[in-house]
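Database features (TrEMBL):
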- 9-32: transmembrane segment (TRANSMEM)
- 9-139: domain 'DUF7704' (DOMAIN)
- 56-76: transmembrane segment (TRANSMEM)
- 83-102: transmembrane segment (TRANSMEM)
- 122-142: transmembrane segment (TRANSMEM)
Amino acid sequence: MAPPGVNGFYYYSFTTVDPFLSLLSVYLNYFAPETLIDPAFPRTSPHAQLTPSHAFLHHQAGGSFAMFAFLMIFMLRYTDDLGVWKLFQAGLLFTDFAALFSMFKAVQAHGGPIRSEASTNIAIIAVITLVRVLFVMGVGVGGRGQAQSRARGRGRGAGKRA
């Protein structure tokens with residue numbers, strides 16, 4: 001359930017769109033990693049050749065995205081604690097910023113003009129990041145919900161469902 005004050009746009013973004021994109025990332029990391037490399041490095045580039053070290057990193061990333069999807073699908077629907085929602089989204093920002101940084105570094109390493117695949121990927125990640133930043137900052141989020149104030153300052157188990 002959505003915390004008090006969370007509008008439908010944020011709820012839909014974080015419980016439907018985000019998990020879909022995370023599950024898509026799981027699939028791509030395990031079964032089509034070249035699709036993830038292609039926006040940064042054209043398939044003709046020597047940097048785009050998949051190696052066992054690529055597979056190792058893709059499998060780890062796939063596992064992380066599976067965990068993200070699980071928490072997005074189940075935890076966000078389980079709790080109405082706005083603080084938990086904000087902390088989770090703030091934590092996901094680390095992944096968003098890392099994805100943007102890695103895309104910029106890959107484009108830099110490529111050395112050529114930015115390709116449409118890379119700019120599209122960067123734009124999608126930037127929009128997701130912006131939505132997450134706005135939510136964490138409280139933009140478009142209603143007043144302090146009862147669930148959030150109830151959990152504040154109680155330590156372990158704060159905000160647990162009765």
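In case you wondered, yes, glycine gets a Cβ from its N, Cα and C as well.
No contact links the transmembrane segment (122-142) to the transmembrane segment (56-76), because fewer than 3 Cβ pairs that are 6 or more residues apart lie under 8 A. Beyond the transmembrane segment (56-76), the same-chain residues lying 6 or more positions past its ends with a Cβ under 8 Å from any Cβ of the stretch are 14-15, 18-19, 22-23, 25-26, 29-30, 33, 36, 84-85, 88, 92, 95. If one looks beyond the transmembrane segment (9-32) by at least 6 residues along the same chain, the residues whose Cβ comes under 8 Å of a Cβ in the stretch are 2, 58-59, 61-62, 65-66, 68-69, 72-73, 76-77, 85, 89, 92, 128, 131, 135, 140-141.
Taken together, the residues in the domain 'DUF7704' (9-139) have a mean pLDDT of 93 on the 0 to 100 scale. Residue counts of the domain 'DUF7704' (9-139) by helix, strand and coil are 109 helix, 0 strand, 22 coil (DSSP-based).
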